[in-house]
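*Asks:* Per TrEMBL, the feature domain 'Glucose-6-phosphate dehydrogenase NAD-binding' maps to 19-202. Feature annotation from TrEMBL assigns NADP(+) binding site to G21, A22, T23, G24, D25, L26, A27, R28, R55, D100, I101, K163. The substrate binding site annotation in TrEMBL covers H193, K197, E231, D250, K356, K361. The domain 'Glucose-6-phosphate dehydrogenase C-terminal' feature in TrEMBL is assigned to 205-502. Summarising the annotation, TrEMBL assigns active site, proton acceptor to H255. The region 'Disordered' annotation in TrEMBL covers 306-326. According to TrEMBL, the compositional bias 'Basic and acidic residues' annotation covers 308-326.
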Amino acid sequence: MTENQNLESLQTPGAVFFIFGATGDLARRKLFPAIYSLYREGKLAEDFAVIGVARRPRTHEEFRDDLYRSIQEFCRYKVKEDDLETWTKFAEHFSYKSLDIHNIDGYHELRDLTESVEDRFNIPGNRLFYLALAPELFGSVSFNLKKGGMLASEGWHRLVIEKPFGYDLSSAQKLNEELSQVFKEEEIFRIDHYLGKEMVQNIEVIRFGNSFFEPLWNNKHIANVQITLSETVGVEERGGYYDHAGALRDMGQNHMLQMLTMIAMEAPSRLYPEDIRDEKVKVLRSLRPYESEEDVKAHVVRGQYKSGESHGKEMLGYRQEDKVDPDSNTETYFAAKVFVDNFRWAGVPFYIRTGKRLPVKTTEVVVEFKQMPTNVYLGQKHNLEPNLLVIRVNPMEGIYIKINAKKPGSESKIEPFAMEFCQSCQVGINSPEAYERLIYDAANGDSTYFTRWDEVAAAWSFVDRIASAWAKNPSDIQMYPAGSWGPEQADELLALDGFHWWPVNGQEEDNVIWIKQ
Ligand SMILES: NC(=O)C1=CN([C@@H]2O[C@H](COP(=O)(O)OP(=O)(O)OC[C@H]3O[C@@H](n4cnc5c(N)ncnc54)[C@H](OP(=O)(O)O)[C@@H]3O)[C@@H](O)[C@H]2O)C=CC1
Ligand SMILES: O=C1O[C@H](COP(=O)(O)O)[C@@H](O)[C@H](O)[C@H]1O
């Protein structure tokens, strides 16, 4: 991948895409729809094939029926009556192999199938292995891919691997060692789907493409940064996985810290993937580690939802959810005050929070600027609200800035105005989904928005200290009602510093005058 390659104009190179875990939830809800969207937008070369792999028996036809249902349910492009010819052409590129990933003989049959589709679609030998499997299977599959003769002998091969990447630093190291016996680092694409989100990528452009932000982007002018990833859903069908992981591992180690790196990183001198990833890892290594259990207690709040009312419906508590231990102390919420100890950010708190069963689904970054050195309007009894830059990541996409201005027509009244650029209102459903972008990038060998091993390791080092402090006191967890904003202790984290969480998506402040496009 070269700098500034114009990805918009490129098609993926001809390749076979293997989806291990093709009968699973991720494949159905995200991966198949992403591949279809790429196809519909002409971003997938004609010389492609997809081979689904899982244990369940399926004929190729049955697999294509699953594919059809997945697209009709989850894809932003639906197959309409008059698209049937295009659909049939697309679906012909899909085949299925029933295989237990531990059974080496199966890989030999998979190789035969692969060679036959490569011949049929004239594919130049490139192979992309996407592991949509439980993480404990990642090492075995990669080893067996090599043993079973599945690595490409003519073109390239790449491994796309889902999160979570390990359970802690030591298991992540073990996994990485297993993978690196088969794949080189540049062949491993570790997914963090937040990095595929349009507005997370836009953080880079907002910061490095606008001269009026850069001079202010530091501890002289920024009072604090708030990152919220709130969800209204509970654990749904994933109780078995989630009860073992919790919010810190499920969202904190990856999505939240990755977003923090995008806000805090220095500008790379060039836009090569490694230059960007070098800057991100420096941020992760600058995170101030919590030194003791007391330190963790003072800076991190954990919570678990109990029953409550959300959007007019009675919700079960976490402990009553399917496949969750009824005495579970797993956190479904956490908030933390984090410091990035470098020249740019010294002394600026980053408050991060995520939780399930909160009142709104939103991902938002609020950058709160410091107050004016003195308020010259105090004599007129005007408080000045702090200026904010708010980046809305999802479901609404856009940015707004909050400034103080004179109320038009009034003598002296000053009011906060929010000026909004609502990207989702403009491009709406055409905004590509994260998985589309990431599959496309992986096929093009662009690793910019995938996490490199040293980033993963640095993130685990930071998170492990929290997890091990919590493990010593498992029942020290705050319960919050489903549908609330989580434990009050999370508000106190900010109140102690004289701040508060700014309202997020859909919960706009009453006194602000909105100027929307
Ligand atoms: N679902 C989601 O929204 C998200 C998922 N992820 C990650 O994606 C990965 C997959 O998750 P998800 O799709 O939800 O999981 P599912 O349990 O729904 O699917 C697992 C898949 O693995 C297959 N499988 C299991 N054991 C074997 C085996 N021994 N040999 C071959 N295939 C096997 C299953 O098929 P069969 O039973 O037919 O063998 C199934 O297709 C996980 O790492 C998860 O953490 C990450 C983010 C979001
Ligand atoms: O990775 C995960 O992300 C989802 C939230 O993703 P979003 O794109 O809908 O914001 C979360 O629900 C899930 O628990 C986690 O594994």
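Each Cβ is built from the backbone N, Cα and C atoms, and glycine gets one as well.
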*Asks:* Of all the binding-site residues given, namely D25, A27, R55, I101, which is spatially nearest to K361 (substrate binding site) at the Cα level?
*Replies:* D25
*Asks:* List the residues of the same chain that sit at least 6 positions away from R55 (NADP(+) binding site) in sequence and have their Cβ under 8 Å from its Cβ, in sequence order, or write 'none'.
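*Replies:* Long-range Cβ contacts: T23, S98, L99, D100.
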*Asks:* Quick test of your reading of the structure: among the binding-site residues G21, A27, D250, whose CB sits under 6 A from ligand 2?
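*Replies:* Within range of ligand 2: D250.
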*Asks:* Filter the candidate list G21, T23, D25, R55, I101, E231 of binding-site residues, keeping only entries whose CB is under 6 Å from an atom of ligand 1.
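*Replies:* Only G21, T23, D25, R55, I101 qualify.
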*Asks:* Could you tell me which of these binding-site residues, D25, E231, D250, has the fewest other Cβ atoms within 10 Å of its Cβ?
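*Replies:* Checked D25, E231, D250; of these binding-site residues, fewest Cβ neighbours within 10 Å: D25.
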*Asks:* Including all protein chains shown, what's the count of other C-beta atoms within 10 A of the C-beta of H193 (substrate binding site)?
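*Replies:* There are 19 such Cβ atoms around H193 (substrate binding site).
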*Asks:* What's the CA to CA span in angstrom from D250 (substrate binding site) over to A27 (NADP(+) binding site)?
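*Replies:* On Cα coordinates alone, these residues lie 19 Å apart.
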*Asks:* Give the residue counts of the region 'Disordered' (306-326) per reduced DSSP state, in the order helix, strand, coil.
*Replies:* 3 helix, 7 strand, 11 coil
*Asks:* Is the residue listed as 'active site, proton acceptor' helix, strand or coil when read with DSSP?
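*Replies:* In the DSSP reduction, the residue listed as 'active site, proton acceptor' maps to helix.
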*Asks:* Could you measure between A27 (NADP(+) binding site) and K356 (substrate binding site) for me? Cα positions, answer in whole angstrom.
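*Replies:* Between the Cα atoms of A27 (NADP(+) binding site) and K356 (substrate binding site), the distance comes to 23 Å.
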*Asks:* I need the nearest neighbour of H255 (active site, proton acceptor) among the binding-site residues G21, D25, I101, H193, E231, using C-alpha distances.
*Replies:* H193
*Asks:* How many other Cβ atoms are found within 10 Å of the Cβ atom of H255 (active site, proton acceptor), counting all protein chains shown?
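*Replies:* For H255 (active site, proton acceptor), the 10 Å Cβ neighbour count is 22.
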*Asks:* Measuring Cα to Cα, how many Å separate D25 (NADP(+) binding site) from E231 (substrate binding site)?
*Replies:* 19
*Asks:* Of all the binding-site residues given, K356, K361, which residue's CB has the most CB neighbours within 10 A?
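*Replies:* Counting Cβ neighbours within 10 Å, the top one is K356.
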*Asks:* Rounding to the nearest whole angstrom, report the longest C-alpha distance spanning H193, K197, E231, D250, K356, K361, listed for substrate.
*Replies:* 20
